[in-house]
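Worksheet: the structure to be examined is printed underneath.
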Amino acid sequence: MERRRGTVPLGWVFFVLCLSASSSCAVDLGSKSSNSTCRLNVTELASIHPGETWTLHGMCISICYYENVTEDEIIGVAFTWQHNESVVDLWLYQNDTVIRNFSDITTNILQDGLKMRTVPVTKLYTSRMVTNLTVGRYDCLRCENGTTKIIERLYVRLGSLYPRPPGSGLAKHPSVSADEELSATLARDIVLVSAITLFFFLLALRIPQRLCQRLRIRLPHRYQRLRTED
């Protein structure tokens, strides 16, 4: 089905408005069947860097590993939007059952991506197309006895809009500044584009073909001249 350009899904608009209307930046992770309720604080999440991976574009795949998951424990993925950190979406499981799904499910490829194995290891797969609505921070979390723990973190960004936090997975050498790194990347791209352009320009002038033909003609004559001199 073809979507109109420039349109925004109504579900996403309502989701943003509802979150903007709330004064607190905390989200309840508990369910009616759970004995305790965990709260997810966005400000606290921003200061946690347990382990990070960066993805630029295409498809982002987040794999969360959990050990010794109990039936009462809640596991899932918390998504924080790149353009507004007060916008938080959750994908939660409890006892192999979805108790909360992402609001923007059109870009959630593996909606039922929970893969259970024998204890003690549990895997949770999240796969989404990288768009303007899905860029941001993905935190693998688990809620147990009223405590929220962040297991793994994935940053998804378009271009260089999302700032690199200190100690990120793509940390550069301390002796290299940001300006030097940007200049080196720009110079490398310019050299690469120039080399490709020159190659196709010479190819259009048939210079490589002519050079190969001249070598094929001259090499036998030189070999015959050497044999005559011997």
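Just so you know, glycine gets a Cβ as well, placed from its N, Cα and C.
Note that the coordinates shown come from a computational prediction; the quantities given were computed from them, not determined experimentally.
Database features (Swiss-Prot):
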SIGNAL    1-26  signal peptide
TOPO_DOM  27-184  topological domain 'Extracellular'
CARBOHYD  ASN35  N-linked glycosylation site
CARBOHYD  ASN41  N-linked glycosylation site
CARBOHYD  ASN68  N-linked glycosylation site
CARBOHYD  ASN84  N-linked glycosylation site
CARBOHYD  ASN95  N-linked glycosylation site
CARBOHYD  ASN101  N-linked glycosylation site
CARBOHYD  ASN132  N-linked glycosylation site
CARBOHYD  ASN145  N-linked glycosylation site
TRANSMEM  185-205  transmembrane segment
TOPO_DOM  206-230  topological domain 'Cytoplasmic'
If you count other Cβ atoms within 10 Å of each one's Cβ, which of the glycosylation sites ASN68, ASN95, ASN145 has the most? ASN95
For the glycosylation sites ASN84, ASN101, ASN132, which one has its C-beta crowded by the most other C-beta atoms within 10 angstroms? ASN101
Here the glycosylation sites are ASN68, ASN84, ASN101, ASN132, and the Cα closest to that of ASN145 (N-linked glycosylation site) is found at ASN68
Taking the Cα atoms as reference points, how far is ASN101 (N-linked glycosylation site) from ASN68 (N-linked glycosylation site) in Å? 23
State the Cα to Cα distance, in Å, between ASN95 (N-linked glycosylation site) and ASN84 (N-linked glycosylation site), rounded to an integer. 32
What's the CA to CA span in angstrom from ASN84 (N-linked glycosylation site) over to ASN132 (N-linked glycosylation site)? 12
Looking only at the topological domain 'Extracellular' (27-184), what is the model's average confidence as pLDDT? 64
Inter-residue C-alpha distance, ASN132 (N-linked glycosylation site) and ASN68 (N-linked glycosylation site) (nearest angstrom): 36
